[in-house]
Amino acid sequence: MAPPAKRAKRGWVPPGYKYLGPGNSLDQGEPTNPSDAAAKEHDEAYDQYIKSGKNPYLYFSPADQRFIDQTKDAKDWGGKVGHYFFRTKRAFAPKLSTDSEPGTSGVSRPGKRTKPPAHIFVNQARAKKKRASLAAQQRTLTMSDGTETNQPDTGIANARVERSADGGGSSGGGGSGGGGIGVSTGTYDNQTTYKFLGDGWVEITAHASRLLHLGMPPSENYCRVTVHNNQTTGHGTKVKGNMAYDTHQQIWTPWSLVDANAWGVWFQPSDWQFIQNSMESLNLDSLSQELFNVVVKTVTEQQGAGQDAIKVYNNDLTACMMVALDSNNILPYTPAAQTSETLGFYPWKPTAPAPYRYYFFMPRQLSVTSSNSAEGTQITDTIGEPQALNSQFFTIENTLPITLLRTGDEFTTGTYIFNTDPLKLTHTWQTNRHLACLQGITDLPTSDTATASLTANGDRFGSTQTQNVNYVTEALRTRPAQIGFMQPHDNFEANRGGPFKVPVVPLDITAGEDHDANGAIRFNYGKQHGEDWAKQGAAPERYTWDAIDSAAGRDTARCFVQSAPISIPPNQNQILQREDAIAGRTNMHYTNVFNSYGPLSAFPHPDPIYPNGQIWDKELDLEHKPRLHVTAPFVCKNNPPGQLFVHLGPNLTDQFDPNSTTVSRIVTYSTFYWKGILKFKAKLRPNLTWNPVYQATTDSVANSYMNVKKWLPSATGNMHSDPLICRPVPHMTY
């Protein structure tokens with residue numbers, strides 16, 4: 001007889017929870033709610049404290065504080081009880097003495113400031129005398145709102161010298177600079193780990209870290225800007241174009257967006273290859289982010305002998321970087337993957353946040369003057385004044401709490417738990433005509449080249465929806481459902497904001513270069529996001545993403561469309577082949593014929609596109625919501641992760657006039673490290689077929705798309721990253 005299975009220790013855990021309570025095991029499965037998840041992190045931290053020789057039960061620890069922060073908005077009774085229990089402990093228990101908190105699955109307290117080490121002030125005293133001779137020559141470079149930074153003459157650029165300041169003297173902002181400021185407050189991690197949980201389930205933990213550079217915004221003001229990217233400036237007459245008008249209004253803000261919502265931020269190419277080849281489904285689990293090792297520097301410029309210019313960089317211990325997290329999703333949602341402005345895809349290369357801006361309502365009146373020639377046709381675009389009915393102007397300062405970080409500080413977002421539907425990582429080859437049982441054959445073939453015969457169509461059994469016809473054929477048989485759908489392609493919607501293209505669900509390519517008619521997505525991107533670093537010129541690199549043939553249930557090369565309604569078995573002249581002309585087109589497109597989006601339609605999520613594709617998206621706040629989004633495969637059923645904003649606090653000079661239209665600022669910039677943890681839940685793909693399946697792999701064939709040289713650096717470090725296949729393995733839909 002087999003020994004009984006060992007049960008996990010539950011401890012004193014109330015009903016409905018797995019970890020909220022003392023004495024339980026750390027392997028109880030998935031937490032039941034966010035409070036239980038916080039309790040699991042708390043238990044893991046306690047376990048690490050005990051292993052390091054410390055007693056967290058008698059002392060108040062950072063893990064206790066983190067649990068308080070994570071349960072402050074708890075709606076469940078257990079989370080509320082635990083929250084107030086540890087608040088009481090904080091009031092009476094002594095603080096746990098520790099130099100560094102043991103590593104756990106959680107995050108540290110937001111905005112906690114590290115005390116500067118004593119050697120900083122020693123360095124300041126030593127450097128003060130060295131810089132005394134330079135102080136009289138230093139001139140503070142100022143910037144005015146809406147003006148460019150003063151730049152030296154490019155003709156003497158080769159004579160410029162840039163160096164760091166010696167030691168740590170006082171900078172223009174009153175802070176201390178130079179010489180080893182602060183203490184490291186985090187780790188730099190870009191690994192992807194796989195934890196196999198049993199029953200085919202896998203927990204994928206993607207770590208990502210980047211060094212970010214944040215400069216001063218051109219202005220400290222919010223600006224409502226009207227954009228005209230065309231030959232005519234102002235509100236004049238515009239020549240007819242190809243729906244390329246960029247006219248709109250936007251609110252430009254002095255803030256920047258730290259956006260990690262792209263596959264290339266989290267996975268290296270080999271991880272993507274492993275996941276696509278090995279996993280059957282994928283779903284988002286949780287996200288946490290952290291900013292640490294903040295360094296704020298000021299720049300002063302002095303003139304040496306002749307025209308030699310010297311820039312001096314000083315660490316500023318009192319200047320600050322402002323951080324805001326829109327955890328309630330109040331502000332306009334602007335995912336940066338759609339403009340290729342997420343964090344860069346190369347962990348060893350510094351990157352920058354994206355300037356934050358959002359659309360603003362703009363009343364417009366379009367009138368067209370027709371002409372026999374395209375050149376003579378003109379469109380008059382009249383832009384009206386803002387309307388009270390639709391105007392929405394948001395400021396971050398009035399909407400969100402803002403944390404001020406100085407050199408050495410850190411900020412954490414806490415853990416966000418996703419609520420999304422799983423994504424299949426396999427594709428389907430089955431169309432409607434591959435559903436249900438097949439007709440029986442009369443005789444088996446007698447040779448490998450022979451074909452089989454079916455029973456005469458008038459003698460077959462089965463159901464059809466054709467009246468007064470006794471035939472039962474493959475074309476006439478009823479099927480359980482419709483696989484795949486499309487919307488009319490090449491359609492432009494128009495409203496007060498102007499025309500825009502209707503999203504199209506991807507299908508396979510019908511003919512030639514006709515990608516857009518079947519929902520192919522065009523990506524334009526720069527060197528931070530996969531463009532060849534050796535490429536010259538300003539034009540971005542581009543590629544077109546086509547879904548795998550029949551991934552949406554349509555394979556035009558192997559199917560046909562019949563005229564409707566069907567009353568008799570169709571003649572050849574009633575069958576539309578892909579070579580037939582429809583509506584003046586030289587090739588056949590299903591989207592010219594019908595729109596099959598209805599209650600009988602079954603269809604997959606859009607492809608996850610590596611590396612440039614967006615991962616998750618925000619659900620539209622309307623009563624009737626779309627069943628999918630074209631731009632991302634995961635749609636959050638509640639609020640998505642809050643947008644993370646950063647902004648350098650204005651570093652003012654002594655020349656400040658509150659009534660002036662300009663603000664005199666010390667030239668300041670910041671570097672800081674960003675770190676994130678994105679967790680997924682995946683299901684291993686079972687091996688079912690006799691034949692080997694198609695896999696994503698590389699080769700050494702010259703000019704091959706999957707030539708491994710694409711993902712290897714050159715002698716000077718140049719490289720680029722092309723998109724990798726997704727959903728390579730087929731699965732049975734029915």
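The backbone N, Cα and C atoms fix where each Cβ goes, and this holds for glycine too.
As annotated by Swiss-Prot, Mg(2+) binding site applies to Asn328. Taken from Swiss-Prot, the feature compositional bias 'Basic residues' applies to 1-10. Swiss-Prot lists 25-35, 97-107, 140-153 with the feature compositional bias 'Polar residues'. Annotated region 'Disordered' per Swiss-Prot: 1-42, 95-116, 134-154, in sequence order. Marked as region 'Phospholipase A2-like' by Swiss-Prot on the basis of similarity to another entry: 19-64. Per Swiss-Prot, motif 'Nuclear localization signal' is recorded for 4-13, and the stated evidence type is sequence analysis.
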Mean of pLDDT values spanning the motif 'Nuclear localization signal' (4-13): 56
Packing count at Asn328 (Mg(2+) binding site) (other Cβ atoms within 10 Å of its Cβ): 10
Per-state residue totals over the region 'Phospholipase A2-like' (19-64) - DSSP helix, strand, coil: 21 helix, 1 strand, 24 coil
Local backbone state of Asn328 (Mg(2+) binding site), from DSSP in three classes: coil
